[in-house]
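Visitor: Okay, handing you the structure first.
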Amino acid sequence: IMRPDDANVAGNVHGGTILKMIEEAGAIISTRHCNSQAGEPCVAALARVERTDFLSPVCIGEVANVSAEITYTSRHSVEVQVNVMSENILTGAKKVTNKATLWYVPLSLKNVNKVLEVPPIQYARKEQEEEGRKRYEEQKLDRLETKQRNGDMIFPIINPEPQTVGYSQSSLIHLVGPSDCTLLGFVHGGVTMKLMDEVAGIVAARHCKTNIVTASVDAINFHEKIKKGSVITISGRMTFTSNKSMEIEVFVDAEPFVDESRGRYRAVSAFFTFVSLSREGKPLPVPQLLTETEEEKRRFEEGKGRALQTKAKRQAQLQQA
C-alpha cells in the first residue's frame, strides 16, 4: 500500500519508489530461477533496465500489485518482464501503471566477480526464443556504446541564469550502508534507481517551479557494481525540453573508501523524462531550456533525436495494436 512518505506533495507516488519495487520483483524471480538447479549458490544482480513508461500515476492509499515473469535466458543473463497495476481498494478500480524489462546476471555467493551460468527456460514456441535472442543482442550492444561515451562530470556554476542547464543541475552524495546492499555487499539496483529519480525530480522541479512527475525512463545501464562503504555521487542535468516534457541525464559515480587501489568510476547512467503538472494534475507547458555552450547545444539535439525516436516507436506500437 502506498503511504505519504512514498509520494510527493501532490500525492503522486515517486517514480523512484515504483522503480525500486519493480527491481525487487525482478531480483527475486531471477535469483530464484538461477538457484533452481543444483550448483553454486548465487544472487542475481541488475545489469540493465529497458525503457520504462509511467502510464498512469499511483496515489497515496492505493495498492500496487507487482508481477514478474522470466521471458528469456542466455548463458549468463536473465530477461524479466515486470508489470505494475494500481488498485483503489475503496472503489475496486484497477489500472496498469508500468511495464518494464530488466536484465540480470547471476553472481556467485563465494566470489562476487564470478558470473555463473543460467538454467535455461522452456519456451511455448520457437519464435519466443529467437525474439529474446534478438533483444539480448540489442541491449548488449547498447550497453557497450553507452559505457564508451560516459565520462562527463557536473561542476557547480556560480550565479547561473534561470532556465539554463547550470541553474537546475543537481547532485546528491550518499554513503552506501548495509541496508542499501545485497547479500554480496553491493548496492541493490532499486536503491540506486530511487536515488536517481530523486535527483532527476529536483532538476525538473527547479526548472519548472511546479509539481512534476516521472513520465518515462530511458534504458538504465549498470556498468559496474557499487560496493558497501563506497560514497556515490548522483548527478543530474537538463539536456532537452519540448513544449510538454523535459529530459534529464542522470549518472552515478562511485568512490570506494576501503579499496584504495580503485579510483572514482562511472557506475550507472540513464535519461529520465518528466512532465509538469498543475495543482489539478493537468499538463502545463515546460519552460524552454536555454543552451549556452556548444556542448549543451549538442546534448540538446541528441535529446531531440531520442524524443523523435520514442514518438515514432509509440506510433508504430499503436498501429500494431
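Backbone N, Cα and C define each Cβ position, glycine as well.
TrEMBL annotations: computationally assigned, not manually curated.
Per TrEMBL, active site is recorded for Asn8, Asp197. TrEMBL lists 295-305 with the feature compositional bias 'Basic and acidic residues'. If you look up TrEMBL, you'll see 1-110, 166-280 marked as domain 'HotDog ACOT-type'. As annotated by TrEMBL, region 'Disordered' applies to 286-321.
Could you tell me the structural context for the features on the list?
Guide: Counting Cβ atoms from all protein chains shown, Asn8 (active site) has 17 others lying within 10 Å of its own Cβ.
Residues 165, 239-240, 242, 247, 249, 271, 289 of the same chain lie 6+ residues outside the compositional bias 'Basic and acidic residues' (295-305) yet bring a C-beta within less than 8 angstroms of a C-beta in it.
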Visitor: What are the DSSP helix/strand/coil residue counts across the compositional bias 'Basic and acidic residues' (295-305)?
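Guide: Secondary-structure breakdown of the compositional bias 'Basic and acidic residues' (295-305): 11 helix, 0 strand, 0 coil.
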Visitor: Please spell out the DSSP helix, strand and coil residue counts for the domain 'HotDog ACOT-type' (166-280).
Guide: 26 helix, 55 strand, 34 coil
Visitor: Quick check for the class: what is the C-alpha distance, in angstrom and rounded, between Asn8 (active site) and Asp197 (active site)?
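Guide: Just about 12 Å between their Cα atoms.
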